[in-house]
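> First, the structure itself, so that you have it in front of you.
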Amino acid sequence: MSIIEAIIIGIVQGITEFLPISSTAHIVITQFLFDYTFPGFGFEIFLHIASILAVILYFRKDLLQVIVGFFSYFKDKSEENRIQFMFAIYIIVATGITGVLGLLLEDLVGAQMKTPPFIAGALIITGTFLIIIERFFVYKDRTVKDMTLKDSIIVGLGQTLAVFPGISRSGATLITALFSGLNKETAVRYSFLLSIPVILGTSVLAIGDLLDGTLVEQVGGLPLIISFIVTFFFSWLGIIWLIDFLKRSKLIYFAFYCFALAIFVFFYFDHNMTIDLE
């Protein structure tokens, strides 16, 4: 991998990771555009780790609050500790549902789903649900203290859909969290914190390739480092921008983007093209 390719991939991954527009779809589209062969699934997960590092650092206070509250609840049954304890449980439940269903659906998601028509269709589905949640759904004002087990199950099921290329993980979790009645601030926080165990869980698949030198051999030491740093930097910017954007604007603008990108993907690329990230 060249330095330029490492920078481009890092920028695309970082910017799109947490926006409701599917980072995997954009990585695949980038490969279509530049006729570039992706190093493998291990490299994709390696970049996800950079994105998650940005989340951990940005939400470090929230994360610490949840962890401390979770363990403190065993000794101190205060209301604040109870809220944080239950929030941790809701993260665990949603993650568990996603993990189990993700494994069951693993064999279903093959190279045939990494084609322009499938990705375009998935982007249209994402855009459609973004419009539905904005135009036909009345926002409620439930916060973390109002969450229930039902909310975590709904969001966990929604997050599972992200195994399909073109379905955004952040989009799926935001939509289902809002649908369950959580306010925007709580939905965004829940979505970001949920990404940590999900992506760290899949990152074990890349550790072997990294330790035995496979990733370094496939990508190159310097491009690997550069892609990681660039991904981290643009993920950090993406987090800041998305949180600020959602305070001022609506998810429907992402829907318009998904529709435009779907049209471009469907009509610009050969429908027989496939890219397997495995």
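Note: Cβ is positioned from N, Cα and C throughout, glycine not excepted.
Per Swiss-Prot, the feature transmembrane segment maps to 1-21, 38-58, 85-105, 118-138, 191-211, 223-243, 251-271.
Walk me through the surroundings of each of these features.
Remote same-chain residues near the transmembrane segment (1-21) are listed as 27, 30, 34, 36, 39, 47-48, 50-51, 54-55, 123, 126, 130, 168, 170-171, 174-175, 192, 195, 218-220, 222-224, 226-239, 242, 251, 254, 257-258, 261 (criterion: CB distance under 8 Å, separation of at least six residues from the stretch ends).
Cβ atoms under 8 Å from those of the transmembrane segment (85-105) belong to residues 66-67, 69-70, 73, 144, 147, 149, 151-153, 155-157, 159-160, 163, 190, 193-194, 197-198, 201 of the same chain, restricted to positions at least 6 beyond its ends.
Outside the transmembrane segment (223-243) by six or more residues, the chain places 1-3, 5-7, 9-11, 13-19, 46-47, 49-51, 53-55, 57-58, 188, 192, 215-216 with a CB less than 8 A from a CB of the stretch.
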> In terms of Cβ proximity under 8 Å, which residues at least six beyond the ends of the transmembrane segment (251-271) contact it?
19-21, 25, 29, 32, 115-117, 119-121, 123-124, 126-128, 130-131, 133-135, 171, 174-175
